[in-house]
């Protein structure tokens, strides 16, 4: 029976690497997965999912107004899809997460979503909030803080490496803008 999975973590835990490995596993068995990624995240090129260790694959883009159920149903009509993989799923809307539940429940295709749980202020992203609520399986991927403890928070930094305490929830960046830390070092960095 198809299920929806939410693989979540702080930055640099290997979410994209895990997604790409899952895609490879399906392909190795003669199955056809489809990868989606957020159109607004073009750090590694448009329509690509890339990992820090150099793995890469082409991806379909989703925008704020993309109807994922319709897109996936249309793709599935052309060629049977065995798995849907969604990178940067924190950028999904509530409606898009619901559409993915419909993919699982009506099309009977497993959906594996990979993304951040919280932003640099410790607040849930909309997509993450509804994935935490509606996913069948929650899987935490782990990374470590500079102190060696599990990192479960993300700090956004300025050009001098200082923690930023306000700003837009979405600001695309990588290691140049974000640092994954444990809760204690998150609070210390923000002066809490």
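Cβ coordinates are placed from backbone N, Cα and C, and glycine is handled just like the others.
A quick note: this is a predicted structure, and the numbers were derived from the prediction, not measured.
Copied over from Swiss-Prot:
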- 88: active site, proton acceptor (ACT_SITE)
- 9, 10, 11, 12, 13, 14, 15, 16, 87, 88, 89, 90: ATP binding site (BINDING)
- 145, 147, 182, 185: Zn(2+) binding site (BINDING)
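Spacing of residue 88 (active site, proton acceptor) relative to residue 15 (ATP binding site) is 9 Å (Cα to Cα, whole number).
Just so you know, of the binding-site residues 11, 89, 147, 182, the Cβ with the fewest other Cβ atoms around it within 10 Å is the one at 147. For the binding-site residues 15, 185, the greatest number of Cβ atoms within 10 Å around a candidate Cβ is found at 15.
Of all the binding-site residues given, namely 13, 145, the one with the smallest number of surrounding CB atoms inside 10 A is 145. Residues near residue 87 (ATP binding site) in space but far in sequence (CB under 8 A, at least 6 apart, same chain), listed by position: 15, 16, 19, 35, 36, 37, 38, 49, 59, 114, 115. The Cβ of residue 9 (ATP binding site) has 23 other Cβ atoms within 10 Å, all protein chains considered.
Secondary structure at residue 89 (ATP binding site), as computed by DSSP, is helix. Taking only the Cα positions, the spacing between residue 13 (ATP binding site) and residue 145 (Zn(2+) binding site) is 11 angstrom. Under DSSP, residue 9 (ATP binding site) is assigned to a strand (E or B) in the three-state scheme.
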